[in-house]
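The feature compositional bias 'Basic residues' is assigned by Swiss-Prot to 119-128. Sequence annotations record features per position, and here Swiss-Prot assigns disulfide bond to Cys142-Cys203, Cys169-Cys232, Cys173-Cys234 based on similarity to another entry. Per Swiss-Prot, N-linked glycosylation site is recorded for Asn150, Asn186. Residues annotated as region 'Disordered' in Swiss-Prot: 34-60, 91-137. The signal peptide feature in Swiss-Prot is assigned to 1-19.
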Amino acid sequence: MKLWDILATCLLLLSSVSTRPLFHKLQPSKRAVVRSESPALDPIIDSQPETSNPKQASMEEQYDLTGLYPEQFEDVMDFIEATLGRLRRSSDVEPQMKRDRVRQKAAANTEKSGGRGRGERKRSRGRARSRDDRVKGQGRGCLLKEIHLNVTDLDLGYRTKEELIFRYCSGPCHDAETNYDKILNNLTHNKKLDKDTPSRTCCRPIAFDDDISFLDDSLEYHTLKKHSAKKCACV
């Protein structure tokens with residue numbers, strides 16, 4: 001579109017030059033000759049040249065105009081050639097700029113896709129490690145488990161249809177036993193200690209869930225505290 005706009009402008013300039021009146025550039029000597037010679041003619045003969053003088057003047061003006069056109073045409077043609085040269089250079093530069101922009105976009109997309117790929121690989125490795133940790137945790141003994149129950153199933157004397165998730169600690173603590181626990185177990189087994197000796201290390205909660213409140217069948221509110229385990233350990 002830029003090329004056609006500039007060409008249209010050049011054509012308008014060319015047409016304006018071709019139709020522009022150039023009477024102010026006419027040579028005054030020819031008009032002076034016509035005026036100086038006309039009074040010397042005979043009155044009888046003078047009537048006819050008066051009718052032919054406008055034609056003769058117009059032919060002279062036309063002759064002068066055609067003499068002036070080549071210089072103006074040369075200026076306009078020089079302007080058009082210079083404009084076309086600039087357009088050719090700009091048309092050669094624009095495809096190169098477009099190719100550079102395409103390369104830059106492709107490189108940016110490659111970097112983004114590479115970054116996403118690295119992030120996905122890191123996340124997959126993290127998920128794999130978490131699965132391994134869960135598998136290893138299952139073999140360590142003391143674990144946090146959960147079960148879905150009704151509040152009435154807790155046998156705390158409440159009659160309600162409310163439900164909750166009960167979490168509890170379960171599993172052996174052989175790996176967590178110290179020499180103290182081993183000695184205590186051996187002495188108890190050999191009956192060298194009384195039966196009221198504290199029991200061995202067991203899996204118990206070391207943190208509890210938040211308190212819960214519920215409405216029983218008698219429309220009374222109750223609150224349970226330290227009812228469910230949140231974190232377990234061998235103690």
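Residue positions begin at 1 at the first shown residue.
Cβ atoms here come from the backbone N, Cα and C positions, even for glycine.
For the pair Asn150 (N-linked glycosylation site) and Cys169 (disulfide bond), the Cα-Cα distance reads 19 Å. Around the Cβ of Asn150 (N-linked glycosylation site), the number of neighbouring Cβ atoms within 10 Å comes to 12. For the pair formed by Asn186 (N-linked glycosylation site) and Cys232 (disulfide bond), distance between Cα atoms is given as 26 Å, rounded to the nearest Å. For Cys169 (disulfide bond) paired with Cys203 (disulfide bond), the C-alpha to C-alpha distance reads 6 Å. Rounded to a whole value, the Cα-Cα separation of Cys234 (disulfide bond) and Cys203 (disulfide bond) is 4 Å. Cβ-based neighbour count (10 Å, all protein chains) for Cys232 (disulfide bond) stands at 22. Cα proximity to Cys232 (disulfide bond) (within 10 Å) is found for the following disulfide-bonded residues from Cys142, Cys173, Cys203: Cys142, Cys203. DSSP assigns Cys142 (disulfide bond) to coil in the three-state reduction, placing it in neither a helix nor a strand. For Cys142 (disulfide bond), the count of additional Cβ atoms within 10 Å of its Cβ stands at 21 [all protein chains shown].
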